[in-house]
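Inspection log for the structure reproduced underneath, given as structure tokens.
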Amino acid sequence: MEHNNLLAAWPVVGPGVAGAVFGAGWWFWTDAVVCSAAAVPFLHYLPGFFATFAALMFNCVNREDIGDGYYSPYDDSEWRVKLWLFISYVVSFVSLAGAVGFLVQDALTNTGPSAWTGTAGVLQCVCVLVSGLIYWTCHSED
């Protein structure tokens, strides 16, 4: 398959790939919660929720709005778009850091959820954020 054909197929195939990766991330987390011998505290759920919210946040921005050729009738709207992207990336990295923190906590303590729950939380955040980036690269306004 030629490189041009692959680029032409990406807007068609990309959303399905993004949905599969998103579903896999939440499947990891659901499996860990269901199979956990101990009750999983609500705080362990928050990194996945915030990662999903961050993916939604950066998918609200069009790629065309970031470039130098962007024109808006409002004077300073380009910095607002970049600020929104920056905040969404901060939320995504904080959610990933929280998931890693819970992984370390679960691995070091004998009480509470197992290390698999922490690992699943990290996998969930990574998969959700990667799926958001996949979808951001393949969707357009056309």
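Any Cβ shown, glycine's included, is placed from N, Cα and C.
Nobody curates TrEMBL annotations by hand; they come from automatic prediction.
Annotation source TrEMBL lists transmembrane segment at 7-30 (among others). Sequence-distant contacts of the transmembrane segment (7-30) (same chain, six or more residues past either end, CB-CB distance under 8 Å): 48, 55, 120-121, 123-128, 130-132, 134-135, 137-140.
What TrEMBL lists as transmembrane segment is 42-62 (among others).
Summarising the annotation, TrEMBL assigns transmembrane segment to 83-104 (among others).
Long-range Cβ contacts of the transmembrane segment (116-136) within its own chain (Cβ-Cβ under 8 Å, at least 6 residues beyond either end) map to 14-15, 17-22, 24-26, 28-29, 31-33, 35-36, 40, 44, 47-48, 51-52, 54-56, 58-59, 61, 63, 92, 95-96, 99-100, 102-107. For 116-136 (among others), the entry in TrEMBL reads transmembrane segment.
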